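Visitor: To start, I am sharing the structure in question, which I have written as structure tokens.
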Amino acid sequence: ATESCQATVLKKGKSPPTEEAHEEPLLLAELKPGRPHQFDWKSSCETWSVAFSPDGSWFAWSQGHCIVKLIPWPLEEQFIPKGFEAKSRSSKNETKGRGSPKEKTLDCGQIVWGLAFSPWPSPPSKKLWARHHPQVPDVSCLILATGLNDGQIKIWEVQTGLLLLNLSGHQDVVRDLSFTPSGSLILVSASRDKTLRIWDLNKHGKQIQVLSGHLQWVYCCSISPDCSMLCSAAGEKSVFLWSMRSYTLIRKLEGHQSSVVSCDFSPDSALLVTASYDTNVIMWDPYTGERLRSLHHTQLNPPMDDSDVHISSLRSVCFSPEGLYLATVADDRLLRIWALELKTPIAFAPMTNGLCCTFFPHGGVIATGTRDGHVQFWTAPRVLSSLKHLCRKALRSFLTTYQVLALPIPKKMKEFLTYRTF
């Protein structure tokens, strides 16, 4: 066997019954790592992180054993559901004399925990490139950041697979990474050393801020799409909200009963979701700190005793690209799909040892990673957003909750715009 990944097409399987008749997610494909390095006892096989590039043309998979696979998207045609049209790999991006993109293997030398793509296209950074590759032409480039077991962050150029920078500063595992969506090449890292660090890749990866205050390992960091806020979740019951302008703490969100391990902002920045080992997802208004809704992960087949108290502990939560759905992965071997306005899941899919999940940026597909180093691709609800939601999304992209509440409009309209109509 080789180290190259193996892809398998899987047919729709049985999943637990739901209260409502919604189509179950279809398992489209599963990628499995090749045989691990012989005698490589230091490496682990978990897929702690998966990511799509913002334009949807690449998929990054931390497949364990210190390896990250960069896979052009879409996969081979037989893996894509009928009617799924990927808006990726446009001729503008791929035919400038470079030929078709090819799968790349990045050997990071350490267990890889966090992955993050830069926005596409990134503004070309002459400083970043000139220092390492002066011969490279002045073109926009897509960047992948990898957070490693030894506290290092390695920065790669996706098209070539070249290592650009090595960022040092963290004293323990870099658990999560997030780029500012604006394209400024500001990178936030979250670590087990209980800090978050802010890096400017336009300044050779200079560390510009250290955010302290967490008392436990920091598991997750998420930057709001409007680039105004940063959310961080650690092994604590509270979540921290930071200003991305002043790098100061705005507020702590308190409501969970156990460690918070995952967080994500809605595409319009108006909502924040947090997932905890307490089996709940909480939906917040990040501007007011108000708790809007809780989504409880009940077991479909509860055990007869209390031996599996944490069987529904959550691992990951993420918003769909249009902002109408959530996906969650829990230890009860289920991927759940939630509609924003409903309190119970609309669909389930059986998956074993799930650790992370993310939506394809153009919708229709969810990628999940497992403890076994596998990646699974599932169908996700494809929806045509209502005109009401499109208007809300557009307005909330630049209006805070307080600004909406100050508008001279009817109360019901304010409630809709601030997601108070659940």
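Keep in mind that glycine also has a Cβ here, set from the backbone N, Cα and C atoms.
The following feature annotations were taken from TrEMBL:
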| type | residues | note |
| --- | --- | --- |
| REGION | 1-23 | region 'Disordered' |
| REGION | 86-105 | region 'Disordered' |
| REPEAT | 144-166 | repeat 'WD' |
| REPEAT | 167-202 | repeat 'WD' |
| REPEAT | 211-252 | repeat 'WD' |
| REPEAT | 253-294 | repeat 'WD' |
| REPEAT | 307-341 | repeat 'WD' |
| DOMAIN | 386-422 | domain 'SOCS box' |
Visitor: Are there residues at least six beyond either end of the repeat 'WD' (307-341) with Cβ under 8 Å to its Cβ atoms? List them, or say none.
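Guide: Here the qualifying positions are 16, 22, 25, 258, 261-268, 271, 273-277, 279-281, 295, 297-300, 347-363, 366, 368, 378, 380-381, 383, 385, 389, 393, 419, 421-422.
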Visitor: Excluding the flanking five residues on each side, which residues at least 6 beyond the ends of the repeat 'WD' (167-202) place their CB within less than 8 Å of a CB in that stretch?
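Guide: Here the qualifying positions are 49, 54, 113-119, 121-123, 125, 127-128, 143, 145-155, 208-212, 214-223, 225, 227, 230, 232, 234, 242, 244, 247.
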Visitor: I'd like to know the mean pLDDT over the repeat 'WD' (307-341).
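Guide: Reported value for the repeat 'WD' (307-341) is a mean pLDDT of 86.
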Visitor: What does the DSSP secondary structure composition of the repeat 'WD' (144-166) look like, as residue counts for helix, strand and coil?
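Guide: So the repeat 'WD' (144-166) is made up of 0 helix, 15 strand, 8 coil.
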Visitor: Give the nonlocal contacts of the repeat 'WD' (144-166) in its own chain as ranges (CB under 8 Å, at least six residues past its ends).
Guide: 51, 53, 58, 60, 62, 68, 70, 98, 101, 104-106, 108-118, 128-129, 132-133, 172-177, 179, 187, 189, 191, 193, 199, 201, 204-205
Visitor: Looking only at the repeat 'WD' (253-294), how are its residues distributed among DSSP helix, strand and coil?
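Guide: Each residue of the repeat 'WD' (253-294) counted once, the result is 0 helix, 22 strand, 20 coil.
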